[in-house]
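Per Swiss-Prot, these features apply:
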| type | residues | note |
| --- | --- | --- |
| TRANSMEM | 1-21 | transmembrane segment |
| TRANSMEM | 29-49 | transmembrane segment |
| TRANSMEM | 91-111 | transmembrane segment |
| TRANSMEM | 123-143 | transmembrane segment |
| TRANSMEM | 177-197 | transmembrane segment |
| TRANSMEM | 210-230 | transmembrane segment |
| TRANSMEM | 268-288 | transmembrane segment |
Amino acid sequence: METSPQFRLIFAVIISSLIAFRSYKRKSLDLSGGIAGFLVMTIHFTAGFRYGALLLVFFLTSSKLTKVGEDKKRRVDVEFKEGGQRNWVQVLCNSGIASVLVVIACTLTGWKDKCLDSKQSEIVTALIGGIIGHYACCNGDTWSSELGVLSDAQPRLITTFKPVKKGTNGGVTKAGLLAALAAGTTVGLTFLIFGLFTASCASDVALKQLLVIPLSALAGLCGSLIDSILGATIQFSGFCSVRNKVVGKPGPTVKKISGVDILDNNGVNFVSILLTSFLTSIASVYIF
């Protein structure tokens, strides 16, 4: 099902406006996040319905999971906001790289959806692989964080495997890692299913597209692990005796748990997404 860029642009503006407004009203995004969300969603859907679907699956599932167990998260997360209320920085950290890759890929393909096929174009395959890795990482990290904190299991610091308090950057649980794997799988399935309607491949190439699912699943897990390693090493975590919570900045009432104060959560997310996108793009060229 091939559609013109003009039609996709009109559709993109309408659907992006509705979702951004709804998300703002439901406090999933603040005003700046709503504006940024509208822009990146418009870019994705104009580029292709499959790219828009990847962004939408990540955003909608993550927003839903953010609201699960809010009372428990409020007691643990020092930066807890009802509904999430993500701002423009968070939106761009989680979709900026993909937006650039989407525009480059579509410019090279004449704004047509293409299958992963290195024989046809290694560059386009690498770009599409990077987009898949991007959202697998975003989804994996978010599902892992939002569901892992609800687990009754004691988190362990990924670098030392020592037990740490919930909310500690770099703390992992089995439930969180399984959630990351499931999140990556969801992204892969979305890419594959929408591709049935938006891209046409030769039979041998079409069969290989099934490998997107395990690739995306591993990208979700890998992205979550990279995020955890960065969080445990170059992001500060300490326990505040006054607030009785894990905090991300040193202070007179804060006892250090792990990490040095180099990057904040947005910085860690950005770097982990960048690395996962790069690794997935390279893997895609060799696999497809």
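Positions of Cβ are set from backbone N, Cα and C atoms, glycine also.
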Decide whether the stretches the transmembrane segment (268-288) and the transmembrane segment (91-111) have at least 3 CB pairs under 8 angstroms, with pairs required to be 6 or more apart in sequence.
-> yes
Excluding the flanking five residues on each side, which residues at least 6 beyond the ends of the transmembrane segment (123-143) place their CB within less than 8 Å of a CB in that stretch?
-> 51, 54-55, 57-58, 61-62, 65-66, 94-95, 97-98, 101-102, 104-105, 108-109, 114, 116-117, 179-184, 186-188, 191, 212, 215-217, 219-224, 226-227, 269, 272-273, 276-285, 288
Interface-richest range of 29-49, 91-111, 177-197, 210-230 toward the transmembrane segment (1-21), CB pairs under 8 Å | 29-49
Close approaches to the transmembrane segment (91-111) from elsewhere in its chain (Cβ under 8 angstroms; 6 or more beyond its ends) = 5, 29, 33, 36-37, 40, 43-44, 47-48, 51, 54-55, 58, 121, 123-124, 127-128, 130-131, 134-135, 138, 266, 269-270, 273-274, 277
Counting only residues at least 6 beyond its ends, the same-chain positions whose CB falls under 8 A of a CB in the transmembrane segment (210-230) are 116, 129, 132-133, 136-141, 143-144, 158-159, 169-172, 176-177, 180-185, 187-189, 191-192, 263, 268-269, 271-273, 275-276, 279-280, 283-284, 287-288
